[in-house]
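Pulled from Swiss-Prot:
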type	residues	note
TOPO_DOM	1-75	topological domain 'Cytoplasmic'
TRANSMEM	76-96	transmembrane segment
TRANSMEM	99-119	transmembrane segment
TOPO_DOM	120-308	topological domain 'Cytoplasmic'
TRANSMEM	309-329	transmembrane segment
TOPO_DOM	330-336	topological domain 'Extracellular'
TRANSMEM	337-357	transmembrane segment
TOPO_DOM	358-807	topological domain 'Cytoplasmic'
BINDING	Asp393, Thr395, Asp748	Mg(2+) binding site
ACT_SITE	Asp393	active site, 4-aspartylphosphate intermediate
BINDING	Thr395, Glu499, Lys552, Arg604, Thr664, Gly665, Asp666, Arg723, Lys729, Asn751	ATP binding site
TRANSMEM	808-828	transmembrane segment
TOPO_DOM	829-832	topological domain 'Extracellular'
TRANSMEM	833-853	transmembrane segment
TOPO_DOM	854-884	topological domain 'Cytoplasmic'
TRANSMEM	885-905	transmembrane segment
TOPO_DOM	906-935	topological domain 'Extracellular'
TRANSMEM	936-956	transmembrane segment
TOPO_DOM	957-983	topological domain 'Cytoplasmic'
TRANSMEM	984-1004	transmembrane segment
TRANSMEM	1008-1028	transmembrane segment
TOPO_DOM	1029-1082	topological domain 'Cytoplasmic'
Amino acid sequence: MSSINTNVAEKHSYKERVNTDASSLSADGSVEAHRLTIEQVAKIFNTDIINGLSTSQANQTLKDFGANTLGDGDKISLTKIIAHQVCNAMILVLIISMVIALAIKDWISGGVIGFVVLINISVGFVQEYKAEKTMGSLRSLSSPTARVTRNGDDTTIPAEEVVPGDIVHIKVGDTVPADLRLIDLMNLETDEALLTGESLPITKNHLDVYDDYSVPIPVGDRLNLAYSSSVVSKGRGTGIVIATALDTQIGQIAKSLRNNNSVIRKVDKSNGKPKKREYSKAFCGTIKDIFYNILGINVGTPLQRKLSWLAIFLFWGCRYFCNYCNGIPKNRVNKEVAIYAICVALSMIPSALIVVLTITMAVGAQVMVMKHVIVRKLDSLEALGGINDICSDKTGTLTQGKMIARKTWIPNVGTFNVGNSNDPFNPKAGEVSFVNLSPKFIEETDEEIDFKQKLPSPFPENFNNWLLTATLANIATLNQSRDEETGELVWKAHGDATEIAIQVFTSRLNYGRDSLIENYEHLAEFPFDSSIKRMSAVYQSLQTNQIKVYTKGAVERVLNCCTHWYGHEENDELYDNQQLKELTDDDKHLIESNMNALSTQGLRVLAFATKDITNSSIDLSNRESIESNLIFQGLIGIYDPPRPETAGSVKSCHNAGINVHMLTGDHPGTAKAIAQEVGILPHNLYHYSEEVVKAMCMTANEFDSLSDDEIDKLPVLPLVIARCAPQTKVRMIEALHRRGKFVAMTGDGVNDSPSLKKADVGIAMGLNGSDVAKDASDIVLTDDNFASILNAIEEGRRMSSNIQKFVLQLLAENVAQALYLMVGLAFIDDSGLSVFPLSPVEVLWILVVTSCFPAMDLGQERASDDILEESPNSTIFTWEVIIDMIVYGFWMAVCCLVCFVIIVYGEGDPYLGVNCNKSSSSNSDVCELVFRGRSASFATMTWCALILAWECIHPYNSLFYMRQDTDHPWWKQTVIDLWDNQFLFWSVAIGFISVFPVVYIPVINTKVFLHGPIGYEWGLAVGFSILFLAGSELWKWIKRIHKRKANKKAKNPEYELERSDPFKKYASFSRSNTMDRPELMV
């Protein structure tokens, strides 16, 4: 097939290419698809309704029409990135300092500060630009997807790759990826409020054709079209793409909305005509927003905002401190005071922190992609490290999502078993065997049951009727096609995994949907709904004209609709009985006991029912009447095996201090069996009290019936909630929050969006998740795998740990410099002014140049081996970090101060010169002693800062014993550990060496850095650097002693058992209550 067009400019010129009347085209040459039949639209777009476009056809059309996006709405704004670099408190402090320095004609300090500002902005710009590109590509991975048919195969592609002519399938929760001419649907309704303003969903009809060209049809009345960006609120449908990107109806609106963003707050007009107060409130709010945006305290991640507030607080605190100490008592607020205020303020501002944080998060987001995790919101990177409870769905997340029908029970017939089949799509694989006993009887008997290899022939009538219901209450399809790569015939399936499993089972017995559907007319369908957990289809036989309802769903929900069945006895007297019996409560208990027998095997059990419709006047749109007075037919047990890695991941979560909760729509028995198999529930429930066992596994009805106070009094929140509804998930999150938990919640359906937003971290499924769920989530799993959640948490903890490391390193240096400079106020020269023990340029060099690169490299440290065995931590600024920051900073300041004092005062009466704080008046002879002291203390502080970077790798372990479990001698292990992060190694090494040229290069040393060459002072700098290292090691040794004492207090037999058994804390050593209740035991 040829492409629709040869270039974009001709994409609307269909007149020369199709055999259709010109009246079917609008004024601009685009197709008015709502006025055409399905066949005409398919011909215009040169597509096949069954097989869709070919791959080559789709690729060429994509080149011709471009990507299916609304233009450059997500285009990276270079202006905004630059503004973001300038408008944060830390950069603004540097800019203010630069302006002050230039205003008092300290040109060199002002120029150096300006250069540092330029470097910060440049590095920040490059990194944020890269981060924006990375996040843009990640957002495109998690953006709405479309399920299309190409080459006869159903495949999921990014919505932006959809092209005109594609056959697109939509279902509940999907965002329509493009404008569609509907060709097939069932109870399809879409929410078009975004487009038309209509608050109610619009019911679609693909058979409508508006061929009267004299009557204009408004957009909202074109019921045979589905529009891009509308959300499917009910049913399902299939359509041909007729417009993409800006050619869609929503695209036309997008054009008109361009450049309509405003930072101006709107005036509140909700109470009628606004008064002066409303205008004043809007004006003041606008000014506040602009001011806060400039300072960067209401943009960025929570940590970035905290750092901006910290910068503002420290800057003004230091300013007033310096003014008071150096100027106000003497009424001498002059240039010297201003310069010293600048110097101290700079020493307190971690100038490189924002840049380092941005780079770390951008790299972390890229690492997440390799672990099948897409980060949609950077805030979630900070939150992941603090997760201590995960609420996960079962199907497809904890399990493989590849369902295979294993057992079927037909009352008064027996149990059918499928064996030797692990191919979920191939109806020819495996063997179906039979025994005329119920699952309950098989479970209770001690005898070995011999399943017959031959099926009853002919099939019992009740089994035939059940097969018919299983086939028709099902929209999954199977087909065999030739694989393009291997050329072999392979089985392919389209539809829901559960329905595919049922369809494969019926096809094994020659009851495939394709062979039966041509004999029936599909009259109505009521799709599966998570609130009622069943679906029904209404068909009319073309041979007998008989109308029948076919229903399947959760056993208890289907039984509630049933009034009759054919009975059941464990003997041959009523074999294949055709006489209807009223369904009594005892009968329902019997059916439920058979369901339990299947569910305890880990099978997901569904029930089937049917009824004849004899009243021709019945309303086929009334679901309640259609699904009433049904005849129960039988059960099917579907096995969805756990993923091989799930059990190990759950165990790792328990070791990491993370509780795992399964919130599933399955039957309690199935949920409990799978939960025990993967380790969410303990196997031996008799170890626990009756109260705890009841709380561990509950149904949604039981949980929802409890008040908040009753939930809070439970000994443990449920580890498994079966038959879970969307509102149950929200209540579970609220209950966890009340217990101070930090919660991650998984979801895939449109109804999961409230719980995803409520959770601290919302996790959507990338493969089977709806677009609405993805949009509400913080992260998206590209493989729908529970193990990927653990990977995300591990990476989140690594990032949080690394952020703590470089925050500690940078802020400890700030503390050291601030203390050092504040004490330096005591050094008075001959003019009565304080002498800087460090010059402003030295301060900036240490903070920005020397420390920035080691900090960035600390951000890339590998996770420690035991990171998942540590307790969750939801904050960066822990008391341990704060105390470490003060201790390291204080000790560094002491080392530098003593070094300076020894040099200046060691030779007797010191001479601190005159105006040694100004580059313009510096004199090497007058200020020689001060310059030598500065050089030595500068070298000491630089080397101490670099040593601190290595010390921050591990909060407790010695620099010489980073890894305790090694057979290497200490010196060899130290080399291995330091070389492990080669970027950090070379940053530190180059930082050590860089001190020498800065001290010795003429002009730069005396005019810029305000220090001079030194000799024996190098020995002092080396000695005090080693002293700092020794003090740091001593502090870590004290911390290790304290930690060991704390652990000894915690160590006892129960503690050790709890480490190996995460459920030990729930154990009751009085087992009588539970053992007296067999139904609580497994």
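Cβ coordinates come from backbone N, Cα and C, glycine included.
Feature annotations (Swiss-Prot) mapped to structure.
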residue : record              : Cβ neighbours (10 Å)
Asp393  : Mg(2+) binding site : 26
Thr395  : Mg(2+) binding site : 20
Lys552  : ATP binding site    : 25
Thr664  : ATP binding site    : 24
Asp666  : ATP binding site    : 27
Lys729  : ATP binding site    : 26
Asp748  : Mg(2+) binding site : 26
Would you mind giving the whole-number mean pLDDT across the topological domain 'Extracellular' (330-336)?
53
In whole Å, note down how far the CA of Asp748 (Mg(2+) binding site) lies from the CA of Asp666 (ATP binding site).
15
Okay, the transmembrane segment (99-119) and the transmembrane segment (936-956): do they have at least three CB pairs under 8 Å, pairs separated by 6 or more?
no
Just the number: how many Å between the Cα atoms of Lys729 (ATP binding site) and Thr395 (Mg(2+) binding site)?
16
With DSSP helix as H/G/I and strand as E/B, how many residues of the topological domain 'Extracellular' (829-832) fall in helix, strand and coil?
0 helix, 0 strand, 4 coil
Would the transmembrane segment (1008-1028) count as touching the transmembrane segment (833-853), if touching means at least three Cβ pairs under 8 Å and pairs must be 6 or more apart in sequence?
yes
Which one is closest to Lys552 (ATP binding site) in space, judged by CA to CA distance, out of the binding-site residues Asp393, Thr395, Asp748?
Thr395
How many Å separate the Cα atoms of Thr664 (ATP binding site) and Asp393 (Mg(2+) binding site)?
5
For the transmembrane segment (833-853), could you work out the same-chain residues 6 or more beyond its ends whose Cβ comes under 8 Å from its Cβ atoms?
97, 101, 108-109, 112-113, 116, 119-120, 326, 336, 339-340, 342-343, 346-347, 349-352, 355-356, 809-810, 813-814, 817, 820-821, 823-827, 896-897, 900, 912-913, 915-917, 930, 933-934, 937-938, 941-942, 945-946, 949, 987, 990-991, 994, 998, 1008-1011
Sort Lys729 (ATP binding site) into helix, strand or coil using the DSSP assignment.
helix
What does DSSP give as the helix, strand and coil breakdown of the topological domain 'Cytoplasmic' (854-884)?
14 helix, 0 strand, 17 coil
Count up the helix, strand and coil residues in the topological domain 'Cytoplasmic' (957-983) according to DSSP, in that order.
13 helix, 0 strand, 14 coil
Taking a Cβ cut-off under 8 Å, which residues six or more beyond the ends of the topological domain 'Cytoplasmic' (854-884) line up next to it in the same chain?
303, 306, 352-353, 356-357, 359-360, 363, 382-383, 385-388, 652, 655-658, 742, 790, 793-795, 797-810, 812, 945-946, 949, 952-955, 980-981, 983-984, 987-988, 991, 1035
State the residues, same chain only, that lie 6 or more residues beyond the ends of the transmembrane segment (984-1004) and have a CB under 8 A from a CB inside it; answer 'none' if no residue qualifies.
845, 849-850, 853-854, 856-858, 860-861, 935, 938-939, 942-943, 945-946, 949-950, 953, 978, 1011-1014
Which sequence positions outside the topological domain 'Cytoplasmic' (957-983), separated from its termini by at least 6 residues, show Cβ-Cβ distances below 8 Å to it?
856-857, 860-862, 950-951, 1029, 1032-1033, 1036-1037, 1040
According to DSSP, which kind of secondary structure is Lys552 (ATP binding site) found in, if we only use helix, strand and coil?
strand
Mind checking which residues reach the topological domain 'Extracellular' (829-832)? Cβ under 8 Å, same chain, six or more beyond either end.
330, 911-916, 930
